[in-house]
Structures are given as C-alpha cells and as structure tokens.
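Over in TrEMBL, the protein carries these features:
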type    : residues                                                                      : note
BINDING : Gly54, Ala55, Gly56, Lys57, Gly58, Thr59, Arg170, Pro216                      : ATP binding site
BINDING : Arg80, Lys102, Ile103, Val104, Gly129, Phe130, Pro131, Arg132, Arg177, Arg188 : ribonucleoside 5'-phosphate binding site
BINDING : Asn136                                                                        : CMP binding site
REGION  : 74-104                                                                        : region 'NMPbind'
Amino acid sequence: MFKVLARSCNLFAVQSKHSTHTCTKKLNKITPSLTKLRMSEEKPKIVFVLGGPGAGKGTQCSKIVERFQFVHLSAGDLLREERAREGSEVGALIEDYIRNGKIVPVEVTCSLLEAAMKKSGKNKFLIDGFPRNQDNLEGWNRQMSDKVDFQFVLFFNCSEEVCVNRCLSRGQSGSGRSDDNMESLKKRIQTYNNDSLPIIKHFEELGKVKQIDASPSADEVFSKVEEVFGQSGF
C-alpha cells in the first residue's frame with residue numbers, strides 16, 4: 001500500500017489566523033455556486049490520464065478526443081482560466097491562495113471540474129494530470145465519487161530519460177513552457193515520483209490502471225490507446 005501523503009490541512013500553511021478564517025469562509029460560500037448546473041441524469045464516464053512530464057499525455061488526449069469524442073479537461077488549465085477571468089469570485093479566491101503562498105484547496109479544483117463537465121453537456125471525460133497526489137484523491141472521493149462513473153486510469157509510462165529528452169527538445173523548439181528546462185524538470189520528476197506514482201499504484205491495486213508504453217512514436221502509442229478504449233466499450 002502506498003504511503004499516505006500529507007493531508008491538505010497540513011499543506012495549507014498560512015500567514016495568519018485571520019487570513020485562514022477569511023479564505024475558509026470564501027471557499028465555503030463560493031464553491032457551491034460553481035456547480036449549480038445540473039449534471040446529466042446518466043453519470044458521466046471518467047478516465048484519469050496520468051504519466052510523467054513528457055510522457056505525451058496532451059498529444060494522446062487530443063487524439064482520443066478526436067477518435068472517441070471525449071471531452072478533455074485539465075485541472076491546471078481550469079484553475080488558470082478561472083484565476084484570469086475578470087470579475088470571478090472563485091478566481092479572486094485562487095489568487096488569494098497563490099499570493100499567500102498556499103496550495104489551492106482541492107475542493108476548488110473539484111468544483112471547477114464538476115462545473116466544466118456540467119457546462120459541456122457531454123458524458124465522457126478525460127481528466128488530465130489529476131489526481132496528482134493523495135490530497136487530490138481524497139478530495140475527489142469526498143466530493144465527486146458518487147456523482148461520476150469512474151472507468152480507469154490511463155497511465156502513459158516511459159523512462160525518465162525519454163521524458164527528459166522530450167521536454168528539453170520541446171523547450172528548444174519553442175514550446176512556450178517555462179518549465180521545459182533541466183532545473184525545473186528535476187523538480188517536476190521528483191514531485192511525480194513522490195506524489196503521483198503512489199496514486200497510480202493505488203489504482204493498480206484496485207485493478208483500475210490501463211498502462212501504455214509511451215516510449216514509441218505518438219502514432220504507435222495511439223494504436224495501443226485505441227485497443228484499450230475499444231476493449232473498454234468505447
């Protein structure tokens with residue numbers, strides 16, 4: 001069994017009791033407003049997409065969307081979009097946490113994911129890069145597990161060497177990502193090994209992981225992805 005990681009309450013270090021109380025009140029008030037739209041009567045089917053930096057998750061998600069008509073959701077993108085949305089109370093809350101050097105609560109992330117699912121009107125979703133750690137998993141289970149039909153984790157696995165080479169090549173070709181450099185990659189890989197791999201192991205013990213060798217070309221990898229989705233009834 002994987003090692004239990006730090007709970008969110010231990011991660012949210014704050015500068016003062018006042019700021020903690022203020023952020024908590026805002027969180028309790030705002031997050032329900034994100035999910036007022038009704039979910040489809042049929043529980044949406046969920047596939048978590050996980051893998052290390054440079055494993056090709058984004059590329060493969062794009063192909064899955066086109067081939068199998070899934071909706072691709074990125075927790076990180078949703079947080080960034082909400083933070084930048086003018087007049088958003090939730091965006092202001094996200095900014096408040098980041099400005100105070102705190103991790104955005106998983107409740108906010110789950111609410112944004114739920115709102116995006118409802119807004120799409122679809123019922124098949126790829127959730128990319130989530131859950132990344134134990135806090136994400138526990139928050140999802142509390143808030144979303146009874147609202148969705150979880151299918152499996154699609155795990156793109158490749159060696160650290162392949163991941164690093166891909167990211168560095170991507171950075172040199174002008175990916176626009178500030179973290180496609182060796183210093184950032186070391187930190188990202190360490191975080192992935194410490195936080196995300198235990199989550200994958202947890203789902204593997206439940207028989208819920210579909211592992212794909214992500215080392216070959218994108219087209220070769222996708223041929224394996226097609227097999228997995230075909231065998232899963234999609």
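Here the Cβ of each residue, glycine as well, is placed from N, Cα and C on the backbone.
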Among Ala55, Ile103 [binding-site residues], residue with fewest other Cβ within 10 Å:
Ile103
Out of Arg80, Gly129, Asn136, which of these binding-site residues is nearest Gly54 (ATP binding site) by C-alpha distance?
Gly129
For Lys57 (ATP binding site) and Gly129 (ribonucleoside 5'-phosphate binding site), determine the Cα separation and express it in whole Å.
8
Quick note, Gly56 (ATP binding site): same-chain residues at least 6 apart with CB under 8 Å of its CB -> Phe156, Cys158, Arg166, Ala214, Ala218, Val221
Would you give the longest CA-CA distance, in whole angstrom, between residues of Gly54, Ala55, Gly56, Lys57, Gly58, Thr59, Arg170, Pro216, the set recorded as binding ATP?
16
Spatial neighbours, same chain, of Arg80 (ribonucleoside 5'-phosphate binding site) - Cβ under 8 Å, 6+ residues apart
none
Of the binding-site residues listed here (Ala55, Arg170, Pro216), which is spatially closest to Pro131 (ribonucleoside 5'-phosphate binding site) when Cα positions are compared?
Ala55
If one looks at the chain holding Gly129 (ribonucleoside 5'-phosphate binding site), which residues at least 6 apart in sequence have a CB under 8 angstroms from its CB?
Val49, Leu50, Lys57, Ser74, Ala75, Gly76
DSSP-wise, what's the residue breakdown of the region 'NMPbind' (74-104) into helix, strand and coil?
21 helix, 1 strand, 9 coil
